[in-house]
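Annotated features, as they stand in Swiss-Prot:
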type: REGION; residues: 1-21; note: region 'Disordered'
type: COMPBIAS; residues: 11-21; note: compositional bias 'Low complexity'
type: DOMAIN; residues: 53-301; note: domain 'Radical SAM core'
type: BINDING; residues: Cys67, Cys71, Cys74; note: [4Fe-4S] cluster 1 binding site
type: BINDING; residues: Tyr73, Gly121, Thr173; note: S-adenosyl-L-methionine binding site
type: BINDING; residues: Cys297, Cys300; note: [4Fe-4S] cluster 2 binding site
Amino acid sequence: MELSVLGQNNGGQHSAGGCSSSSCGSTHDQLSHLPENIRAKVQNHPCYSEEAHHYFARMHVAVAPACNIQCHYCNRKYDCANESRPGVVSEVLTPEQAVKKVKAVAAAIPQMSVLGIAGPGDPLANPKRTLDTFRMLSEQAPDMKLCVSTNGLALPECVEELAKHNIDHVTITINCVDPEIGAKIYPDLLEQQAHPRRQGRKILIEQQQKGLEMLVARGILVKVNSVMIPGVNDEHLKEVSKIVKAKGAFLHNVMPLIAEPEHGTFYGVMGQRSPEPEELQDLQDACAGDMNMMRHCRQCRADAVGMLGEDRGDEFTLDKIESMEIDYEAAMVKRAAIHAAIKEELDEKAAKKERLAGLSVASVQNGTSGRYRPVLMAVATSGGGLINQHFGHATEFLVYEASPSGVRFIGHRRVDQYCVGNDTCGEKESALAGSIRALKGCEAVLCSKIGFEPWSDLETAGIQPNGEHAMEPIEEAVMAVYREMIESGRLENDGALLQAKA
């Protein structure tokens, strides 16, 4: 790597906003190790806490159409309703329209906790529109968490203004710390056209690192997003993870490249492949030794509304919100009560989880650590951290790994909905086949209900359906199924068996 300065860690000094050890985490039990002020920032942010995303909603407002970089994986669209990816919106809003929309959504979806600006261009390439929106929201919706996502090119010049408007979560997309690798990702840096291209990419990297340091110094939590591009930066992202951790980033989100040809991106048109789920997990696991990882990202649209994994944007188009009467003072009272109830539920769940964790893991280990191999299981859930969705109604499955050490969240797999009504349920063979392909590597799928045909096809594919744990907490259900697998003798490691026989 040429820019050795990027690897410096300021003597190992981090502000309270940074994650300086691998014990920093995004799941509920890991949050308990954080300082109280940091935990308060994270516990109801669905992007910064894996636990929170089961309970809290978010929305993005599309006030930033322009961008200062052209990335090979991006093709912005401003009037698109049928694609689910970053850089895509149905309508671009003025700051005033955005504020009204936020208040309308917050009143209708009281569990919404976060408002973000993430495009469809770069928010900081549209500083007036972005900062005007934040200024009005901090005045008119003071109970809302505010966050912004940026490529970082204009970040250092905006840090003071962001801090002034109470933005305490910032995401920076950092795909490399080496200009040679950047040359394969960024063909043009539009604000740096006076510079040679290689010099422009070097400036981008320097600006990203400088902005990260400035944010951390001000106690602003930073999440780093990185797009995993096989054959381009996949191995290099391990170095990126080490560097951003050393500089105090709180969370690293390694996302898979989206490269469908119909999206019109350079990579999509040129046939650059996306990573397989197993490749993504391997890279995330490799980075996890140096950095706390986000694994529940849905790569949302720039106008997403609702819980992660759902989009209710059609309910809040400009023509619909124009006629809405919004009493935001009353909405804040209702929102505060609902948020308090969710926090109480999460606290009770965390206490119960702590009591049960030692027992459940001990009952699996029982002095046989290493004897039983880990297992991937898919889960159908509609939220609340429960097994509460019919297999045929799922548009995604959450994937968990169970092992003698416990249960950990791995990621999610998107699928086409198999069952869309009584007349078509069971007739969508292609959707079922796609679901089975998406669940490759999983040995069980937990759901509230499942029909005979998908049950049979899943078993044939070596995936065991399980509907016995409906409405149970996900991690408890996954561990229960894992114990059942152990008791059936399915999970003995070959090496452990040979050693036992010897």
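Positions of Cβ are set from backbone N, Cα and C atoms, glycine also.
Apart from Tyr73, Gly121, Thr173, the S-adenosyl-L-methionine site neighbourhood in this chain, defined by C-beta within 8 angstroms of the site C-beta centre, holds Cys67, Ile69, Cys71, Cys74, Pro86, Gly87, Gly119, Asp122, Asn151. Around the Cβ of Gly121 (S-adenosyl-L-methionine binding site), a 10 Å sphere holds 24 further Cβ atoms from the protein chains shown. Taking the centre of the Cβ atoms of Cys67, Cys71, Cys74 as the [4Fe-4S] cluster 1 site, the nearby residues of that chain (Cβ within 8 Å, site residues left out) are Ile69, Gln70, Tyr73, Asn75, Arg76, Gly87, Gly121, Asp122, Asn151. Take the CB of Cys71 ([4Fe-4S] cluster 1 binding site) and look out to 10 A: across all protein chains shown you find 19 other CB atoms. When Cα-Cα distances from Gly121 (S-adenosyl-L-methionine binding site) are compared across the binding-site residues Cys67, Cys71, Cys74, Cys297, Cys300, the shortest belongs to Cys67. Cα-Cα distances to Tyr73 (S-adenosyl-L-methionine binding site) place none of the binding-site residues Cys67, Cys297, Cys300 within 10 Å. In this entry, Tyr73, Gly121, Thr173 make up the residues listed for S-adenosyl-L-methionine, with the farthest two CA atoms of the set 13 Å from each other.
Here the domain 'Radical SAM core' (53-301) returns a mean pLDDT of 90 for the predicted model. The binding-site residues recorded for this entry are Thr173, Cys297, Cys300, and the Cα of Thr173 lies nearest to that of Cys67 ([4Fe-4S] cluster 1 binding site). Other Cβ atoms within 10 Å of the Cβ of Cys297 ([4Fe-4S] cluster 2 binding site) number 17 in total over all chains. DSSP assigns Thr173 (S-adenosyl-L-methionine binding site) to a strand in the three-state reduction. There are 22 other CB atoms within 10 A of the CB of Cys67 ([4Fe-4S] cluster 1 binding site), with all protein chains counted. Across the fold, the C-alpha of Cys297 ([4Fe-4S] cluster 2 binding site) and the C-alpha of Thr173 (S-adenosyl-L-methionine binding site) stand 13 Å from each other.
Annotation for Cys300 ([4Fe-4S] cluster 2 binding site): spatial neighbours Arg58, His60, Ser84, Pro86, Ala118, Leu308, Asp311, criterion Cβ-Cβ under 8 Å with sequence separation of six or more. Neighbour count (other Cβ atoms within 10 Å of the Cβ, all protein chains): 22 for Thr173 (S-adenosyl-L-methionine binding site).
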